[in-house]
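Note sheet for the following structure.
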Amino acid sequence: MSKLSSHILCGLKKNQPPTCDEEGKEVKNQLPSPNRDIASAEPRLSTQVLAACLACWINLASGACLGYATPALPKLQKGTSHLQITEQEGSWMASLLMLGALAGGFLAGPCISLGRRRALWLTSIPTIVSWILIAMATNSWFLFGAHIIMGICLGITTDASQLYVSETAYTKWRGALGCIPILMFNVGILTCYTAGAWLNWDELAIFGCVLSLPALFFPIMLPETPSYLVARGCSDDALRALKWLRGSDYDVTAEYEELQHCEKGPGLLERIKGLRERDILRPLLLISAIRALSRFCGLRAILCYTQSIFISSQSSLDVELSVVATGVVQLLATLVACGLLDRLGRRKLLIGSQAVMGMCLIGLGCYLYYSNDVDNRNGSLMGWLPVIAILIYIIANSIGLGPVSGIIIGELVPQRHKSIVSSITGSVSWLSAFIITKTFLDLRSCLHLHGAIWAYGSVCIVGVIFVYIFLPETRGLSQYEIEVLFKEKMDSIDEPLETRKIETLSDIVVVQHEQQTHLSIKNAIKVNGI
């Protein structure tokens, strides 16, 4: 149990008032409040890991879509290929994936509102179709259309999978399990990089199609998320889903009661109006800013053009081997993040990862600036520097900024507004990714390669300052506690008792309980360092 949880409970248990009947007589029962007592048995971790991995198989297929351009573009631009594209057409191919994801970001909200599991299943069919289009391509328009379809599915999958994992994970393991969606993305990217070292671009598309087929069946085997079912009024189904996820020997009563206290989802018009409320507006702006920073740090551009960057840097290492090495490092670093997120927290990882990323990019830019004056002969230490800088950059991103920018959508946003906030922040994220990917070649022409890398590094430094000032820590907090943390109503509780409208003794009891609860939460937040 988190520090915040224990302090809130302690305050509630000490200060919880009796309720009163209509005549003002004391009644010995308790006001309804979330029960945070934990049963003696631990919830089963294996079923939650299984559910996350099966649900996120579509992420693996989408990761292959993300990684496809890196090995495929050089082969499509070779004179021996039966389909040849220009450098600008290659730029559009990589960028249209992000543009499609922008459209998918808008569609994510409506799709997620149909159910997290259903949204994941629906995206598997178009993903398979897009791989078939690439394998059958006779001109660049096939590639463009396929990448738009892939992008739409990618935009929906990113948020739907993150919400599914966050809403099915037990609070204690939410950080570690929340890394599984991006972990599966990285497995897909590495698989595509590795296969691309031996397969031609059309053979690689067939491989991607086969890789996507299991995503048609896995979501059907899983339950919907309990919080979604409660919000839809399907309480019995939610209880069954909790028992399946936590195991039959674990008492889910306390967690089920807490879900009942989370506010239910209003209609679309009410959700749009609700975006003006501070407890919604602040998480919305925070998530949008962090997801935009995660794109403007330049990761997509660097991954898409890894081979050309290595060639431009005149590194002595084999280019294709270096690309596979980046995929391996990205995967291993995400595994490390699974263990660190619930130990160090979100803030520390975000600040530390962006600081390291910024230093790596600034260092790489300096190397590129002086590349003609340094000794980068085969086997020399200087020939390794570009690869080392990019690998450390990717490690830092995969440990902090990458997973945390995805996890926070499932943590900071109240249940009733998750679908619309997912649409808005997803659109911001993918629009930023499109701008970065499409403008990389233009930025390189204007500022040279070292100038473009320096620009991305400066964004990382800005991100460090932003996170330090604005982002609260949410490690170990339940969804209910996070909603309390951002709730605007907390400000009105400080209002003096005599200025509140009080008509009966029951009103006095409620006001006193509100003030005591608010004081307990404020003290807990102070102790927890939020």
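The backbone N, Cα and C atoms fix where each Cβ goes, glycine too.
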Tell me which of 90-112, 274-296 corresponds to the transmembrane segment entry in TrEMBL.
90-112
Contact call for the transmembrane segment (204-222) against the transmembrane segment (382-408), three or more Cβ pairs under 8 Å:
no
Feature contact check the transmembrane segment (453-471) with the transmembrane segment (144-165), CB under 8 Å, 3 or more pairs:
no
